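J.: Sharing the record's features from TrEMBL:
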TRANSMEM  12-34  transmembrane segment
DOMAIN    81-292  domain 'ABC transmembrane type-1'
TRANSMEM  85-106  transmembrane segment
TRANSMEM  118-142  transmembrane segment
TRANSMEM  168-189  transmembrane segment
TRANSMEM  226-253  transmembrane segment
TRANSMEM  273-295  transmembrane segment
């Protein structure tokens, strides 16, 4: 018998906390065992670990950078994470919406030119690396690099924070959102294209059609909610790849996110920064998967264990 929805959400929230603590402990232990010289603390290992877990989860304190100007890692992440989160969430939303809409079109009109064109584009975006697509878009369309076909929406190194100028923020992220989200859109399109016809063949859909319900209402009210749980599960499993794509897109379009911290931290063996990046990235993936599970359970109670 499945759990009630609030109880299921509470269990998933507790699981997120437990997995996040376990991942943080594992990251600390791995780096401590591989590079013990980077942890000069004379206290026993278990004391160091418990202290680090307390600092991270109670105080949000990852320590100080070991490179000049020796800033707190928390402040470095606070400067970089807003751009990452904006790019990640925007790419996920745009990719999901475009993919579900495209998959619906392909499922309803499978033999039309539009459906074949969408499936061809999906195959192309699944094959092409995001950094290649990003560089190609810049070389062809970015006015500030002298592109042959200048389009004002395509810009490089023009990122502004949401608090400074919301319009400029949106302008600087629109194309990176599309570039990072297209592979996800392609996956969602294929999933919806494959699952929607199975739902359309169900008896209740044929009954609604016989009663004269419009095809659009049948799709939105009766078939998509049944086909979406599988797509949501796919989105959840794709989050780690999307996060990697976001970092690559940041590098291509000059967006000041976590990417700018990684090279210097690796070269300088700045382990507090590296540990914080790994932990934050892992927690983001865990939280995103939990949200996907909750949405899936809201649409289909059968998935609640």
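Numbering starts at 1 and runs along the chain as it is shown here.
Just so you know, glycine gets a Cβ as well, placed from its N, Cα and C.
TrEMBL does not curate its annotations; it predicts them automatically.
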J.: Any residues 6+ beyond the ends of the transmembrane segment (273-295) with a Cβ under 8 Å from its own?
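T.: Here the qualifying positions are 8-9, 12-13, 15-16, 19-20, 23-24, 27-28, 31, 56, 62, 65, 67, 73-74, 76-77, 81, 88, 92, 232-233, 235-237, 239-240, 243, 258, 261-262, 265-266, 303.
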J.: In terms of Cβ proximity under 8 Å, which residues at least six beyond the ends of the transmembrane segment (226-253) contact it?
T.: 83-84, 87-88, 91-92, 95-96, 99-100, 103, 129-131, 134-135, 138, 155-157, 159, 172, 175-176, 179-181, 183-184, 187-188, 191-192, 195-196, 198-199, 202, 259-260, 262, 281, 284-285, 288-289, 291-293, 295-296, 299-300, 303
